[in-house]
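See below for the structure under consideration.
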Amino acid sequence: MKSLVKAKKEPGIWMQDIPVPEYGVNDVLIKIKRTAICGTDIHIYSWDEWAQATIPVPMTVGHEFYGEIVEVGKEVQGLKVGQRVSGEGHITCGFCRNCRAGKRHLCRNTLGVGVNRPGCFAEYLALPATNVIALPDNITEEQAAILDPFGNAAHCALAFDVVGEDVLITGAGPIGIMAAAIVRHIGARHVVITDVNDHRLELARQMGVSRAVNVKYQKLSDVANELGMLEGFDVGLEMSGNPMALNDMMKAMNHGGHVALLGIPPQETPIDWNQVIFKGLVIKGIYGREMFETWYKMIAMLQSGLNISPVITHNFPVDEYQHAFQIMASGQSGKVILNW
């Protein structure tokens with residue numbers, strides 16, 4: 001089958017012909033229809049320090065997908081050939097304390113599809129049935145292909161009560177933009193998103209934010225004053241991994257505010273802990289998606305009218321994957337989809 005493989009320990013991704021994956025009695029085999037390129041895939045393509053320390057070579061990459069079931073393991077229940085599906089890309093052990101307590105997103109033994117085990121940038125993917133999400137008919141193929149990152153956004157955006165609250169989002173990448181759409185959809189008052197990338201800030205405006213702020217040219221404090229906010233932001237969603245953005249967020253928070261951290265800093269990051277302690281801030285780290293409550297909620301939000309389509313900016317046939325990766329890496333895009 002056709003696949004995109006990290007075949008060498010150097011920058012790049014290579015298209016190769018590899019065997020169709022075998023599947024076990026508790027697995028399903030999925031015919032891949034659409035995939036989306038993630039920031040993780042760009043790290044792997046670039047072969048940065050994280051990728052060098054994490055990715056076994058060779059490795060079929062990719063973890064954001066839409067497809068249809070073509071084979072079902074003999075012990076699988078509740079799924080059948082022909083169903084439209086996406087899937088959870090974190091494979092958990094099922095036996096640790098958190099897994100047994102129903103908190104699989106906190107499994108210490110997690111393996112990542114397209115990271116530690118073969119991924120979805122291929123014509124077929126074998127996946128444990130427990131990780132497969134059967135899709136309602138009113139979820140489109142494009143929406144299904146980005147449910148994984150949409151789930152990151154939902155997990156973060158729903159970490160704290162945002163109804164009637166003023167929300168600050170630092171980082172207007174695709175996940176930050178989708179988080180902005182979510183908090184607006186569920187009842188936040190003012191939603192402010194910051195970045196230094198004007199292209200992505202414009203995408204955020206299309207998603208209905210109150211203000212999209214380029215912090216190179218405008219101060220957050222001025223924006224808050226213009227919106228009539230006298231006491232700071234109630235909820236902060238840090239999506240950028242930028243140390244300066246994180247500290248700007250701490251300064252902008254109201255006393256007793258809540259901060260969810262999804263962005264990953266590139267190095268050890270100094271924080272002004274006086275902002276945290278004397279303001280009584282609550283900080284929560286966010287990783288992946290809650291299994292599977294986040295999946296239920298994000299599909300329900302799409303069914304109830306949440307529109308995330310503006311974040312999908314490019315579609316390419318898989319044979320044009322090199323150009324697709326370049327577009328995604330440029331920062332001048334939202335989500336980039338490969339059609340198989």
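Positions of Cβ are set from backbone N, Cα and C atoms, glycine also.
A quick note: this is a predicted structure, and the numbers were derived from the prediction, not measured.
For the Zn(2+) 1 site, Swiss-Prot lists HIS63, GLU64; matching the candidates CYS38, CYS93 against that entry yields CYS38. For the NAD(+) site, Swiss-Prot gives ASP195, ARG200, LEU262, GLY263, ILE264, ILE286, TYR287; the one candidate out of ILE175, ILE308, ILE312, ILE327 that the record lists there too is ILE175. Within 10 Å of HIS63 (Zn(2+) 1 binding site), counting C-alpha to C-alpha distances, fall the following of the recorded positions THR40, CYS93, CYS99, ILE175, ILE264: THR40. When each of the binding-site residues CYS99, LEU262, ILE264 is scored by how many other Cβ atoms sit within 10 Å of its Cβ, ILE264 comes out lowest.
Nearest neighbour of LEU262 (NAD(+) binding site) by Cα distance, taken over the recorded positions THR40, HIS43, GLU64, CYS93: THR40. The record gives CYS93, CYS96, CYS99, CYS107 for Zn(2+) 2. Within 8 Å of the mean position of their Cβ atoms, the other Cβ atoms in that chain belong to THR92, GLY94, PHE95, ARG97, ASN98, ARG100, ARG104, ARG108, ASN109, THR110. In sequence order, THR35, ALA36, ILE37, THR40, ASP41, GLY62, PHE65, GLY89, VAL113, GLY114, GLY119, CYS120, ASP148, PRO149 are the residues of the same chain, not among CYS38, HIS63, GLU64, whose CB sits within 8 A of the CB centroid for the Zn(2+) 1 site.
Nearest by CA distance to ARG200 (NAD(+) binding site), out of the recorded positions CYS38, HIS43, CYS93, CYS99, CYS107, is CYS38.
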